[in-house]
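Encoded as structure tokens, the structure appears first; notes follow it.
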There are 2 protein chains.
Amino acid sequence: MSGRALTFLCALICISQPGRLAAASPPNVIIMLMDDMGWGDLGVLGQPSKETPNLDAMAAQGMLLPNFYTANPLCSPSRAALLTGRLPVRNGFYTTNGHARNAYTPQEIVGGISQDEILLPLMLKKKGYVSKIVGKWHLGHRAQYLPLKNGFDEWFGAPNCHFGPYNNSGRPNIPVYHNSEMVGRYYEEFSINRKTGESNLTQIYLQEGLDFINQQSLAQRPFFLYWAPDATHAPVYASRRFLGKSQRGRYGDAVMELDNSVGQILSRLRTLGIENSTFVFFTSDNGAALMSGPSESGSNGPFLCGKETTYEGGMREPAIAWWPGHITAGTVNFQLSSVMDLYTTSLSLAGISPPDDRALDGLDLTPVLLNSSHVLHHRPIFYYRGNELMAVRLGQYKAHYWTWTNSLDELKKGVNFCPGQEVAGVTTHEQKEHTLQPLIFHLGRDPGEKFPISVLTKEYQDVLSRISPIVDHHKKTLVAGIPQLNMCDVAVMNWAPAGCEKLGKCLKVPTSSPWKCKWPH
Amino acid sequence: MSGRALTFLCALICISQPGRLAAASPPNVIIMLMDDMGWGDLGVLGQPSKETPNLDAMAAQGMLLPNFYTANPLCSPSRAALLTGRLPVRNGFYTTNGHARNAYTPQEIVGGISQDEILLPLMLKKKGYVSKIVGKWHLGHRAQYLPLKNGFDEWFGAPNCHFGPYNNSGRPNIPVYHNSEMVGRYYEEFSINRKTGESNLTQIYLQEGLDFINQQSLAQRPFFLYWAPDATHAPVYASRRFLGKSQRGRYGDAVMELDNSVGQILSRLRTLGIENSTFVFFTSDNGAALMSGPSESGSNGPFLCGKETTYEGGMREPAIAWWPGHITAGTVNFQLSSVMDLYTTSLSLAGISPPDDRALDGLDLTPVLLNSSHVLHHRPIFYYRGNELMAVRLGQYKAHYWTWTNSLDELKKGVNFCPGQEVAGVTTHEQKEHTLQPLIFHLGRDPGEKFPISVLTKEYQDVLSRISPIVDHHKKTLVAGIPQLNMCDVAVMNWAPAGCEKLGKCLKVPTSSPWKCKWPH
């Protein structure tokens, strides 16, 4: 072998660090993030109406992760965690306006994702990835916070939830963006019929995803597709072809359409012959929104409560990893894992070292995904509500340091995060502190968190003695980020997004009058 | 064609009546009936700890029936319904000692299955089937009520629940029978360790099943195996090899062992080359016994309450039909179906006409099983508690005419049929009548029965107008059987079962002193 060949070989080996994963070209990455879809909404996870043949097949061809968690029981912080690999309390997606309050990014929010955060698509650029987000952004709607300012090359979707319709006087309808300019607004150019539930938005989002995959495949560029449709978030919608097709009403119709879309995306990867070089992960941003039930909410299966809460129903998510030829088909792995792991794992798959100047909460799941018997032990799951660590899971045990559903005041108004569920001393309507003696559950025997383990048992004391130091260490070493979700102002709403001039859709911006946002939950 | 050939052809056609099913030799029938296993206990139906790879594979190779029901939320009446094809209120497995009370066959029960009933194995004899029951009988433990008096050729198991241990003075331990003679007693020759949960009974029952299959296969006789192990009924037990292996504690260990046994039975059919000539059905006798939770109870998934109740958690059962080459693999059929259909369907498969001198509640499911797109519409499901029709399901709608969980008196004693669940006006602690204005739920949108449909809606009125005539007709035409579960007597307990002399295990029979049994639930 000549010296030159040797050098070349060495270069190859060096490039292939860190590890065998990057030996071949780094795989494409597709993260499919659903909105308010619950753990129990998939057929393979027990939905009685079995609306998800494509997702069930995806699980049969890949790996099911029944112990996968979001980082927060609400959409914006959950999404910020996914794209930063960090807990919302670190990346700033929380509020200090009240204790243990869930905050997000409605139109009047002033803040957004901090410039100090390094989002996944920006990191992936190091290896030449082209990145697109399709659907809901939710990390701030003001110009400086938008996707193309944060590493994405393309975007089709909206910055906020599709609430409305508004009359554009007191509150503008939400804009839909194509890259960095608006191309219309929900309920205007992008119709959602609140009465019938009809909208073809999922079909648009599907097509945007498929076109991107086609283009990058043709160009032979590695890509990252963050596919985040919002059809299962109230107001729930589906295309005409799916409306009335499920046994569950509008919500089930939306699930059917999303499942069909997932099937089409996977099928496209096969058609293009890139299924073995594309890592796909399916999950949801938080538990099903039980307060919207029964016609606009999903199912959290056997778990307690839902969205907005730190019970299992609020934070355990459906999760399927799919990568033919790499992930063994039909496997189930009980690894405690998190949406934040998707950041670290994607970087690992791409052969990119994660940022070393900050605390990351995500783990690299590749050993688990590529060797299904592998388990990363002693990995805790932290359940936050705003600025408070409400609970911690370690192995099968979960300790609640604070419990809260929603206040009696809200309950009187008809807001109920746990309809039909009432566990004495657990589903408390006031914020209840248990820090000196946490409520501890064994989630294997008792996934529904109905039977706290008696404090008088050896089991309780053993568990507490193992969890306490982890909690202490976490709290002592945590450096909280600057809270981004404290201030509101009508002037920052989507009155005149970039591109509005071309469309003649700019609205008059009212005078700025900031206030501290109120977060009731 | 010669006249003789024509006659032969005609004979073939005639023999092949009633239909193509009996054209070949009639298939063997295996009914696997679990004890207190809940709908949500199977991986394929959403159990987070996924302990059932064999049952999940059975579903993937066969048909899953998510809308399959038992005929009663308690063991004895449910089992009587399975073997007679008739509602317990018809076959006598109920009580009139109180309103809407669940009754069963404890040791002190005087009654048992009526001589007027024609059980499935007796019917199957017409086509030369050899029948065996393995496990729990529960249709009366006095000599005249036992399996071999009711059409079964063989039995290995016990007549009652495996409660105990008793000291044999005030109450004898339950005998285990081999055919018509006892071969020992639970907690004596057949050990169950209440402290560790260890017992090898499931292994014994598995071996009994396998041996029977082998023998009949070798003899080329059609067979009916009624495999009814009771490991998931409290006190829950498992073999040493399975203890501690699940994430759910003892209950999950028992599920794992039963799942493993199912796998072995199906595998044996394949080894013997009779998988294409053996119809196998897996289900359970009633919902998970939530009052035994968390360590000795299963899961009813997203459904309300459990065993003893007429909410979905009490009566919707896991159900898988398996028959390679006949039932299309990996199908899901939403047919409303019942344990009583197993009677009628088994007869249809065997080419035997069902009894025509009595009302049968079972339907012939073969069109559904053999043509997965087929659905028998307008088939109601009746939910009884003892002598009262509590609720009726028609299509996606369920109307509750009476609601009851368990009494406040019982609740104070710690008995709770709906732990952690409380739906105002639905999970009532007193027997509440709604006959004039039933509570109506849409089980598609609301499988957890949390959101009654408003009586002011057109939907409610439409549904009621469709369900009412069905209920009226059912009540008007129902001929109730003589209640068999009214009288109790210590003298009838298992003091001296047949065969006790040989073993030296006869106990002294106390003086008869009958009383009206009390059924608190």
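Each residue, glycine too, has its Cβ placed from N, Cα and C.
Residues or ranges marked as active site, nucleophile in TrEMBL: A:Cys75. For A:His138, the entry in TrEMBL reads active site. Summarising the annotation, TrEMBL assigns Ca(2+) binding site to A:Asp35, A:Asp36, A:Cys75, A:Asp285, A:Asn286. What TrEMBL lists as domain 'Sulfatase N-terminal' is A:27-352. Here TrEMBL flags A:Asn200 as N-linked glycosylation site. Taken from TrEMBL, the feature 3-oxoalanine (Cys) applies to A:Cys75. According to TrEMBL, the signal peptide annotation covers A:1-24.
Taking the Cβ of the residue listed as 'active site' as centre and 10 Å as the limit, one finds 27 other Cβ atoms among all the protein chains shown. The two recorded residues, A:Cys75 (active site, nucleophile) and A:Asp285 (Ca(2+) binding site), have Cα atoms 6 Å apart. Long-range neighbours of A:Asn286 (Ca(2+) binding site) (same chain, six or more residues apart, CB within less than 8 Å of its CB): A:Asp36, A:Thr70, A:Asn72, A:Pro73, A:Leu74, A:Cys75, A:Ser78, A:Lys307, A:Glu308, A:Gly314, A:Met315, A:Glu317. In terms of C-alpha distance, the listed recorded positions A:Asp35, A:His138, A:Asp285 place A:Asp35 closest to A:Asn200 (N-linked glycosylation site).
Around the Cβ of A:Asp285 (Ca(2+) binding site), a 10 Å sphere holds 29 further Cβ atoms from the protein chains shown. Non-local contacts of A:Asp35 (Ca(2+) binding site) by the CB criterion (under 8 A, 6+ apart in sequence, same chain) comprise A:Cys75, A:Lys136, A:Ala228, A:Pro229, A:Asp230, A:Ala231, A:Thr232, A:His233, A:Ser284, A:Asp285. Cβ proximity to the Ca(2+) site centre (mean Cβ of A:Asp35, A:Asp36, A:Cys75, A:Asp285, A:Asn286, cutoff 8 Å) flags the following additional same-chain residues: A:Met34, A:Met37, A:Leu74, A:Ser78, A:His233, A:Ser284, A:Ala289, A:Lys307. Its own atom aside, the Cβ of A:Cys75 (active site, nucleophile) has 27 Cβ atoms within 10 angstroms in the protein chains shown. For the domain 'Sulfatase N-terminal' (A:27-352), the model gives a mean pLDDT of 98. In the three-state DSSP scheme, the residue listed as 'active site, nucleophile' falls into the helix class. Under DSSP, the residue listed as 'N-linked glycosylation site' is assigned to coil, being neither helix nor strand in the three-state scheme.
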